[in-house]
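Visitor: Annotation comment: TrEMBL describes Lys10, Asp136 as active site. Residues or ranges marked as ATP binding site in TrEMBL: Pro94, Val95, Ala96, Ala97, Gly98, Leu99, Ala100, Gly101, Gly102, Ser103, Ser104. The domain 'GHMP kinase N-terminal' annotation in TrEMBL covers 66-144. Per TrEMBL, domain 'GHMP kinase C-terminal' is recorded for 197-273.
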Amino acid sequence: MKVLEKAPAKINLSLDALYKREDGFHEVKMVMTTIDLADRIELTERTDGQIEIISHNRFVPDDNRNLAYQAAQLLQKKYGVTKGVSIEISKIIPVAAGLAGGSSDAAATLRGLNKLWNLGLTLDELAVLGAEIGSDVSFCVYGGTALATGRGEIIQPIPAPPHCWVVLAKPTTGVSTAEIYNNLDLKKVNHPNVDGMVEAIKNQNYEEVTKLVGNVLESVTLKLYPEVAQIKEQMKRFGADAVLMSGSGPTVFGLVQHDSRLHRMYNGLRGFCDQVFAVRLIGEQNKLD
Ligand SMILES: C[C@@](CO)(OP(=O)(O)O)[C@H](O)COP(=O)(O)OP(=O)(O)OC[C@H]1O[C@@H](n2ccc(N)nc2=O)[C@H](O)[C@@H]1O
Ligand SMILES: Nc1ncnc2c1ncn2[C@@H]1O[C@H](COP(=O)(O)OP(=O)(O)O)[C@@H](O)[C@H]1O
């Protein structure tokens, strides 16, 4: 038997870190939303109990370092599952990009195995399990748009943002999330207005959304990787309504409502950045159930 699952990427429209906790993680407050750029996960049941990762991307680990592998192993252990699975990952989301590709693959594996292995778990139960794999996995279990707090695993759904296009540009460098959080000096940053962003989205006020995008991690990554700042500048020059780095980076996204400007931005950025995508927000909650 086979199950197919879509594993969409996310962007952070607003990302604040409040303080460093005793467990080493940062207490965060962020608005996350899924975008129409997705990996495809194909799960095929195995009778030998083994977990196998098949991926044709050299940046994706094919052993227990893979977050999808960890998701399958966690379900096997918690629910005494004796069956195994081959997990084929068709990778579209750039790796180590600030787009939660690995987390979304893990979340899609949790959803898919829930069906393949007939576990009967709810999305809320899968989200709790996801938090054991990584801070972004719980959000990815639900998808949609949410306010995320705690270390990122406490999820409150909010409405979808107003309609717009998202242009993504990923510089060649990959970024380690831990490195960026480790270099964050909370005394020296500008905190974004996360509550304002939630209000702007609830009011479907696109102009306010574009004014309020902000990411406390951006200045850290920009300092370490100046090419990210250059891409930001180019996106502004090509006419984006708002430009921000996603997560810990290095992917930069631009929001735009008019099709004519979308084409200008996309074509302009393709001139000097290999990985450029123009996608829609997916938006609504629980689309992934
Ligand atoms: C920055 C964000 C924003 O959505 O996304 P990405 O850039 O990774 O996509 C997330 O907070 C990343 O979540 P995720 O990538 O799941 O992080 P984890 O695997 O849980 O943690 C990796 C490392 O990041 C740091 N970390 C992570 C989350 C958090 N709230 N505080 C932290 O300080 C810790 O050093 C941790 O060891
Ligand atoms: N399924 C997966 N897809 C991509 N990377 C993965 C996966 N599983 C584990 N990884 C590891 O996680 C790291 C971060 O990858 P990713 O989730 O794409 O980035 P980010 O956390 O910036 O959104 C990669 O360097 C990779 O080694």
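Quick reminder: no glycine exception, Cβ is built from N, Cα and C everywhere.
Any TrEMBL annotation is an automated prediction that lacks curation.
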Visitor: Which recorded positions from the set Lys10, Pro94, Ser104, Asp136 have a C-beta atom lying less than 6 Å away from ligand 2?
Guide: none
Visitor: Filter the candidate list Ala96, Gly98, Ala100, Asp136 of recorded positions, keeping only entries whose CB is under 6 Å from an atom of ligand 1.
Guide: Gly98, Ala100, Asp136
Visitor: How many Å separate the Cα atoms of Pro94 (ATP binding site) and Lys10 (active site)?
Guide: 12
Visitor: Around Lys10 (active site), which residues of its chain at least 6 apart sit with Cβ under 8 Å of its Cβ?
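Guide: When sequence neighbours closer than 6 are ignored, Lys10 (active site) has Met32, Thr33, Thr34, Ile35, Leu99, Ala100, Ser104, Asp136, Phe139, Cys140, Ser246, Gly247 within Cβ distance under 8 Å.
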Visitor: Among the binding-site residues Ala96, Ala100, whose Cβ has the fewest other Cβ atoms within 10 Å?
Guide: Ala96
Visitor: Neighbour count, 10 Å Cβ-Cβ cut-off, for Gly98 (ATP binding site): what number do you get?
Guide: 30
